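See below for the structure under consideration.
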Amino acid sequence: MEQTFVMIKPDGVQRGLVGEIIGRFEKKGFTLKGLKLITVDRHFAEQHYADLSAKPFFNGLVEYIISGPVAAMVWEGKNVVTTGRKIIGATNPADSAPGTIRGDYAIDIGRNVIHGSDSVESGKKEIALWFPEGIAEWRSSLHSWIYE
Ligand code: IDP
Ligand code: MG
């Protein structure tokens with residue numbers, strides 16, 4: 001089953017949005033396979049965002065991510081990468097539809113509350129980076145109520 005890496009950024013944790021965000025993924029029917037609150041250092045944040053290292057906002061982005069604890073998660077389910085990105089909304093909250101997480105809870109692109117992997121491949125890389133210890137092995141007993 002497909003997996004994605006989702007991170008509630010420091011602003012989302014500070015603003016008390018962890019429960020709300022987890023609830024949205026849970027209620028959709030996705031399965032929580034990994035979860036931890038962690039403050040990462042500069043080197044780690046630079047690794048996570050390595051693809052963006054040439055961008056003018058890179059340093060500010062790294063400062064933002066290391067500014068406090070983040071809630072790192074692995075979610076599992078059919079099409080969870082693409083559907084997860086839809087639940088999250090567009091990168092710039094100004095372009096995110098109401099009903100999405102960023103559309104409902106964010107205003108500025110540099111304080112957009114949440115990260116979600118953009119492909120199955122980057123999901124695998126990000127899960128390996130953030131959860132080197134591995135993730136939970138379990139299958140929800142709701143499976144047959146969610147999948148036909
Ligand atoms: P994504 O998070 O929707 O996948 P990316 O393009 O991968 O968007 O950018 C990663 C993160 O970098 C964004 O979520 C946002 O926090 C930040 N970011 C992207 N573009 C800008 C910008 O123009 N100014 C400031 N921060 C930005
Ligand atoms: Mg991205």
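Just so it is clear, glycine is given a Cβ too, placed from its N, Cα and C backbone atoms.
When the candidates ARG42, ARG102 are compared with the ATP site entry in TrEMBL, which names LYS9, PHE57, ARG85, THR91, ASN112, the shared residue is ARG102. In this structure, the C-alpha atom of ARG102 (ATP binding site) lies 10 angstrom from that of HIS115 (active site, pros-phosphohistidine intermediate). Helix, strand and coil residue tallies for the domain 'Nucleoside diphosphate kinase-like' (1-137), in that order: 65 helix, 26 strand, 46 coil [DSSP].
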